[in-house]
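Participant: Straight out of TrEMBL:
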- 6-27: transmembrane segment (TRANSMEM)
- 39-59: transmembrane segment (TRANSMEM)
- 65-83: transmembrane segment (TRANSMEM)
- 90-108: transmembrane segment (TRANSMEM)
- 120-142: transmembrane segment (TRANSMEM)
- 154-176: transmembrane segment (TRANSMEM)
- 188-210: transmembrane segment (TRANSMEM)
């Protein structure tokens with residue numbers, strides 16, 4: 001029981017982290033252009049965090065319908081970031097169309113009582129989009145041969161954490177059915193790992209939004 005309480009306390013803490021990037025931005029909106037490209041995802045993360053804390057933890061609202069809306073919005077906020085950042089517009093539009101078709105098709109097949117590999121096509125598309133887009137960004141950076149190290153580029157932090165987050169959660173997603181059907185594995189440990197990667201994403205957003213503000217101030 002104590003472990004159960006500790007897990008939910010950790011989830012609530014990570015949810016609170018998701019609100020901080022938006023607060024940092026609202027206190028000083030003079031940020032880099034790359035951060036502005038990511039604002040839709042920052043707003044979505046803050047809203048999702050509030051929904052998780054208020055709706056789920058306090059009012060015990062069901063999350064299945066919200067989750068379906070969230071994965072849709074999450075994909076297109078991430079796609080928007082890459083679309084504005086990169087020159088590979090047609091390829092990114094292609095990913096967007098493929099995801100929309102797959103999402104609508106799976107929506108008609110959706111069963112509220114079942115999760116797992118039903119969402120596999122969507123997860124594959126999201127992960128491929130992030131991997132390909134990140135690869136395109138590195139190509140553009142090295143083609144320009146600008147004398148700016150990667151660690152001084154705000155977008156490098158955004159791209160790195162998106163790449164780590166989506167690849168890691170995709171691998172965990174593939175293990176979902178195995179973990180559920182294997183009595184020797186604790187499902188809570190699986191969710192803890194997912195939450196840890198969420199924490200990494202949100203901490204990086206906090207750091208980079210703050211760093212973007214400081215960079216412009218100087």
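Using the three backbone atoms N, Cα and C, a Cβ is placed for every residue, glycine included.
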Participant: For the transmembrane segment (120-142), find every same-chain residue at least 6 residues outside the stretch whose CB is under 8 Å from a CB in it, and list them.
Facilitator: 71, 74-75, 78-79, 82, 85-88, 91-92, 95, 98-99, 102-103, 106, 150, 153, 155, 159, 162-163, 166-167, 170, 173-174
Participant: Other than its close neighbours in sequence, what residues sit by the transmembrane segment (65-83), given a CB gap under 8 Å and a spacing of at least six beyond its ends?
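Facilitator: Contacts of the transmembrane segment (65-83) (Cβ under 8 Å, skipping residues fewer than 6 from its ends): 37-38, 40-41, 44, 48, 51, 55, 89, 92-93, 95-96, 99, 103, 107, 110, 112, 119, 122, 125-126, 129-130, 133, 136-137, 158, 162, 166.
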Participant: How about the transmembrane segment (188-210) with the transmembrane segment (6-27) - do they touch, taking at least 3 C-beta pairs under 8 Å (6 or more apart in sequence) as contact?
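Facilitator: Touching, yes - the transmembrane segment (188-210) and the transmembrane segment (6-27) meet the threshold of 3 or more Cβ pairs under 8 Å.
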Participant: Could you tell me what the rest of the chain brings near the transmembrane segment (90-108), counting residues at least six beyond its ends with Cβ under 8 Å?
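Facilitator: Residues 68, 72, 75-76, 79, 82-83, 118-119, 121-122, 125-126, 128-129, 132-133, 136.
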